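**Q** I am attaching a structure below and will ask some questions about it afterwards.
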Amino acid sequence: MSTIDTSPQSATSIPADARRLTIVGAPSVAQRKPEWMKRHIPLAGPNYRELKKTMRGASLNTVCEEAACPNIHQCWEQREASFLIGGEDCTRRCGFCQIATGKPKGYDRDEPRRVAETVAEMGLHFAVVTGVARDDLPDGGAWLYAETARQIHEQVPGCGVELLIPDFRGDEDALREVISARPEVLAHNLETVRRVFRHTRPAFTYEGSLDVLRRTRDWAPEIARKSNLILGMGETEEEVREAMRDLADAGCQILTIGQYLQPTHKHLALQRYAAPDEYDRYREYGRELGFDHVEAGPLVRSSFMAGDQAINAGAWSRPTA
């Protein structure tokens, strides 16, 4: 067993030719991590190596790798992965995000089939699919999300699907296209509190993100709604509680809350490490607000153990056979 530094600084670097918005603000807090940000996990187990080989063979991307997720070894050893569709380059710049920003290189309409075949080959019971923002496309990539869900349901009957989508710039037709595929869970991440939202997510709006959840609730109440909040970007505890109330009012049922890890010095400055007891308070407050499930902890990410989250929220059940 080895101690793993969960900071993305130790992960694969962003490509040199990728464009990144430098966030100017308060300097980062000391980068020495508290003990609760460290964990002991085995390195490169057999399932991890097999999954990595499978992904490469299918020419697919995972958000686990592109976003330098600290849980990659744990999830991959349990044969859980989050697929990243639409390419490797995002058309938007969020100050905290590890994924490269740039001009997308193409549009692969065969990608949904390959994702579904890989889900089948891996024997997954629950698949998370997210993607880069594709503002260069008329539908923002909505068809790609919808077709991927349809292909997974067709090729792997009983497999649950979570789609983590952008806001499609408020395009209602694009959202309806995604909803038509009937994913078990539809996620859109708010990520931060109202006061710092514009600074951290300049291409999104706070209310626009809530609207994605509201419309999904109104148009397809049978689909579970999910969102995520990141701590350490300048928010206060009361502001987090306000965001939780806003999400609950918008119909969000599943909420994940985790710690921001600054990828590079060009990204949004890390302001603080939230202590474990703060996450405990958010879990309790989430229960008071009526969320079906709140997953909160320093290393929690939106897709971490997503199948269990869906089960706890009553959105999906594991196949019995």
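Quick reminder: no glycine exception, Cβ is built from N, Cα and C everywhere.
Per TrEMBL, [4Fe-4S] cluster 1 binding site is recorded for Cys64, Cys69, Cys75, Ser303. According to TrEMBL, the [4Fe-4S] cluster 2 binding site annotation covers Cys90, Cys94, Cys97. The feature domain 'Radical SAM core' is assigned by TrEMBL to 76-292.
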**Q** To the nearest whole angstrom, state the Cα distance for the pair Cys64 ([4Fe-4S] cluster 1 binding site) and Cys97 ([4Fe-4S] cluster 2 binding site).
**A** 12
**Q** Identify all same-chain residues not among Cys90, Cys94, Cys97 whose C-beta atom falls within 8 angstroms of the centroid of the [4Fe-4S] cluster 2 site's C-beta atoms; report them in sequence order.
**A** Arg92, Arg93, Phe96, Gln98, Ile99, Thr101, Val132, Ala133
**Q** When the Cα-Cα distance from Cys69 ([4Fe-4S] cluster 1 binding site) is computed for each of the binding-site residues Cys90, Cys94, Cys97, which gives the smallest value?
**A** Cys97
**Q** For the domain 'Radical SAM core' (76-292), report the average pLDDT of the model, please.
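**A** When the pLDDT values over the domain 'Radical SAM core' (76-292) are averaged, the result is 96.
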**Q** DSSP secondary structure for Cys94 ([4Fe-4S] cluster 2 binding site), reduced to helix/strand/coil, please.
**A** coil
**Q** For Cys90 ([4Fe-4S] cluster 2 binding site), which residues of its chain lie six or more apart in sequence with Cβ-Cβ distance below 8 Å?
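**A** Same-chain residues close to Cys90 ([4Fe-4S] cluster 2 binding site) (Cβ under 8 Å, separated by 6 or more) are Cys97, Ile99, Ala100, Thr101, Gly102, Val132, Ala133.
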**Q** In sequence order, what residues of the same chain, 6+ apart, have a Cβ less than 8 Å from the Cβ of Cys94 ([4Fe-4S] cluster 2 binding site)?
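**A** Long-range Cβ contacts: Glu191, Thr200, Arg201, Pro202, Ala203, Phe204.
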**Q** Name the residue among the binding-site residues Cys69, Cys97 whose Cβ has the smallest number of other Cβ atoms within 10 Å.
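**A** If we count Cβ atoms within 10 Å for the binding-site residues Cys69, Cys97, the smallest count is at Cys97.
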**Q** Based on DSSP, name the secondary structure state of Ser303 ([4Fe-4S] cluster 1 binding site): helix, strand or coil.
**A** coil
